[in-house]
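Quick look at what TrEMBL lists:
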{"type": "REGION", "residues": "1-20", "note": "region 'Disordered'"}
{"type": "DOMAIN", "residues": "47-90", "note": "domain 'Zinc finger-XS'"}
{"type": "DOMAIN", "residues": "121-232", "note": "domain 'XS'"}
{"type": "COILED", "residues": "254-492", "note": "coiled coil"}
{"type": "DOMAIN", "residues": "509-639", "note": "domain 'Factor of DNA methylation 1-5/IDN2'"}
Amino acid sequence: MDDYMDHSSGGDSDGNDSEVEEYADKTYEELTGGKHSVKLSDVTFTCPFCTNKKKRDYQYNDLLQHATMVGKSDAKKRSAKDKASHLALVKYLEKDVMENTGPSQAKDNVDVDHLAEHDGDEMFVWPWKGIVVNLPIELKDGRYVGKSGSNLRDTLSTRGFNPTRVIPLWNFRGHSGSALVEFKKDWVGFNNAMSFEKAYDADHHGLRDWKINKDDLKDEIYGWVARSDDYNATNVIGEHLRKIADLRTISDIMAEEDRKVDSLESNLKNINEVKKKQLEEMENQYVETEHSLKECIAEKDVLVQKYNEELKKIESGAREHIQKIISDHLKTKQQVEDEKRKLELQGQELQKREANNEIEQKKLAEEIAQNAERNSLLEKASDEQQKADESVMNLAEDQKREKEELHKKIIMLEKQLDSKHAVELEIEKLKGQLNVMKHIGEDDMETLKKVDEIQKKLREREEELDDLESLNQTLVVQERKSNDELQEARKELIEGLKELPKTAHVGVKRMGELENKPFIDAMKRKYDESEAEDRASELCSLWEEFLRDPNWHPFKVITVNGKSQRVIDENEEKLKGLKRNYGGEVYKAVATALTEINDYNPSGAYVTTELWNFNEGRRSTLKEGVMTLLEMWDMHKRRRNM
C-alpha cells in the first residue's frame, strides 16, 4: 500500500498522510469483503466512489486508469478521502481482480503503466509532441544544415515509437539542431510518446540529462515529451509549439472524449428517431397508395361490368331489328311471286280464248300487251327487290362484322387496361419495397442484394408498362379510324335524307338556323299583315348577323353539382332588349339557335346539318337513320307496285 501512497499529494484539509493511509487500508478491506460492488459482468466494471458521473460502466483497463489518475491527482477539488478511496481501488484491481481476469479483458501493461505514472492534472502539449535536440548539423555556405525529418522519423519507427512526422526547426542561422516529433492524437500515440521519452531516459539522454550536460555535450541526441515548460519557452522550440499546439491535461482530454462520446450517442439516437419516423411515414404512404389502387380497380371492374351489360342489350336489339327487316323482305318477295303467278295464269286463260270477231281480237291483243307490260314491270320490281334484299343482307353482315371487330377491340383494350393496372400496381409495390429496404438496412449485404433484385424487377416492369402503353396507343388510333369511318357514313346518310319533309320521324335539321315564325307572329302584333313579313324578315336577318358575329359571346359559366357548365346569359344587353321588345317566343328562338351553335359548331359559328329525331327533340342515332332510309325504300317500292 506504501507504493501507492508515495504518489499522492500529501494530504489536504480533510486529514494528514497517516489518516489517508488508514482510510485507504480500511476501504481496501471493504472492497475485498464485498461491501462495495466493482464488477458488473465478466467484461464491465464500475467505480463505487463516483456514483454521480454519467459514465458508470468501464472496461478493466479504463477503470484502472481512472482510479490511478484520481488517486494521484494534485487538484484541490479532490479530497484526501476521495484520493484514498481510489488508491484502494487501484490496489484491489491489481491484486485481486487482475488475477481473475483473462488476457482478453486487459490491455498491454505498458499502456496502463504510462497513464498510471502521470498525474491527471499534469500539463502536456496537445497533440502529443516529442522534442529532440543536439541533432548533427554542419555549416555550409554560411548556414547550418542537417538531415531531413524523414530520416529521423524512419529511425524512430524502427525503434517502435511510430511517429507520424518529424519537423526540423530552423532559425535565421539555418538548422537549429532541434526537431519536433509528432505522434497520433489518441492514447496509442500517448503510449508511443511516453515510450519514446522512457527510452531516452533509460539511455541517460532525457530532459534531466540534457539540462545537466548542456554545457558539455557530445554528438548524441537527447529527447523527451513536450510539456508546459517547453511550450512557454522563449526559444525556437517554444515559438513553434505555440503556433501548432495547445496545453492540455490528461483529465481534460479524457473529459472531452467523454463529451464527444455522449454527443455522438445523442446524435445517433436522434438520427435513429428520425429514421423511424421516416420509415413509419413511408409505410403509411404505401398502405394509402395500395388502398387507393384497390379502390380504382374495384371501380373499373364495376364500370366494365355495366359497359358489357349495355353492349349486350345493344347487340340484342340490333339482332332483333335485322331479323325483322329480313322477315319483312321475305313477305314482300312472296307477295311479288304470288302476283306474278296470278298474272301468268290470266295470260294463259287469255291465250286460250278465241276471238270471234275483229273487235274481240283487238281487245284481246291489247289485254295481252298490257299483261306483258305489267309482267315486265313486275320482273324489274322483283330484280330490284332481290338487289335490295342483297344490299340489306350485306348491310346487316357489315354491321355485324363491325360490331364483332369493335367488341374484340373493346375486349383487347380491357385486357390491356387490366394488364396496365396490374403492372402499375406491381411497380408501386416494388417502389415501396425498395424505399423500405433502403431505409432498413444500409450496411446489410443481404439487404443490398435484395434491393438490387427489386431494382432489376422494377426496370423489367417499367419496360413492360412502356410496351403496353405503345400497344394501347395503337388500338386507340385504330378505334379513332373506325370512328372516322362511322362519321363518314353519318354524313352520307344525312345527304340521303335531306329531301325528307320535317314531318318525318327522323330527318335532317339545320343547327343554328333561326326559325322565322316567332318573328312574323311578333311583328303581326305591331304592324299590319302586309308590312309584318318585311319587318320580320329584316329583324330575323339582323339577328342572324348577331349569331354569326365571333366577337359576341352572350354566355356565362355556372357550377352545377360540382361541374362547370356554359349557359346563355339572360342579362346580356342585346338578349334582354330582344325579350323586352318582342316577347318570349322570339327570345326562345334566338336562344335555341345560340345553344345549337354552341353545342354543334362553337368555333365556326355558322349553320351545320345534323341527323335529328324530331319526335324526341334530340340528335338521332345512326341506327335510327338507317331504319328511316329502309322505311323510305319500302314505301317507294309499294307505291311503284300499286
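Note that Cβ sites are derived from N, Cα and C of the backbone, with glycine treated the same way.
TrEMBL: automatically predicted annotations, no manual curation.
These figures come from a predicted structure and were not determined experimentally.
Shown for the domain 'XS' (121-232): DSSP residue counts in helix, strand and coil, namely 36 helix, 38 strand, 38 coil.
Predicted-model confidence for the domain 'Zinc finger-XS' (47-90) is 74, expressed as mean pLDDT. Counted with DSSP, the domain 'Factor of DNA methylation 1-5/IDN2' (509-639) comes out as 73 helix, 23 strand, 35 coil.
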